[in-house]
Amino acid sequence: MIENFLRPPRTPGEVTADLLRVVGVVGVVVAGVGWSLTDAGILAFLLPGLLAPRFLGMRSGFDVVHGLVLLVAGWSNVADLYSRIGWWDVPVHIACTGVVSVLAYLLLARQRVVAAPRADGVPLIVPILLTTVIGLALSAVWEMVEWFGRTVITAEIVVAYADTIGDMAAGGLGALIGGIVVATTRLVRAPALLAA
């Protein structure tokens, strides 16, 4: 995986994806100075997610979409869009859980924990179901993180039963869509080779 991370960007899409990672790092500083340390922490929480596609060698189209979705999700929190626009969290949960579930499935496939998508003998439904299950599990973990944040860190985090269930359902839908993408689209580029 380190070979993928160290591989220089070769296409405009790869450059764009790397620029989004830079935007993520700069955003942490901007949020810390212009908003609060809590907001900076929220954006810092995204940084591993912004780097993960680079390590996995994701194709640039997915890498860019993944980075944009994570940045929109994080900055929506900082800008308080989830409170200001009642329906905003639904599409964000769908998109964010979708891309993160895809990434998680492909990481597990790379480690040979689950079947590689489109591998010989693997039914098309397998990556769809597994990506959906991963997304539902990640949605549950995210809701626990929100509960923990509200209970331990700040009461500003909104946690309500209906919101939690709705968010998990939206995440499940996003993961299902992501699973269909995993099953039907090549998302990982050819393995990187180090220069001799």
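Backbone N, Cα and C define each Cβ position, glycine as well.
What you are looking at is a predicted structure, and each value in this text was computed from that prediction instead of being measured.
The annotation transmembrane segment is assigned in TrEMBL to 20-48 (among others).
If you look at the transmembrane segment (90-109), the same-chain residues 6 or more away from its ends with a CB under 8 A from one of its CBs are 49, 52-53, 56, 58, 62, 65-66, 69-70, 72-73, 76, 82, 115-117, 127, 130-132, 134-135, 138-139, 142, 166-167, 170-175, 177-179, 181-182, 187-188. What TrEMBL records for 90-109 (among others) is transmembrane segment.
Same-chain residues lying 6+ beyond the ends of the transmembrane segment (121-142) with a Cβ under 8 Å from its Cβ atoms: 93, 97-98, 100-102, 104-105, 108, 114-115, 167-168, 170-172, 174-176, 178-180, 182-184. The annotation transmembrane segment is assigned in TrEMBL to 121-142 (among others).
The transmembrane segment annotation in TrEMBL covers 168-188 (among others).
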Other parts of the chain folded back onto the transmembrane segment (20-48), taken as Cβ under 8 Å at six or more residues beyond its ends: 54, 64, 67-68, 70-71, 73-75, 77-78, 153-154, 156
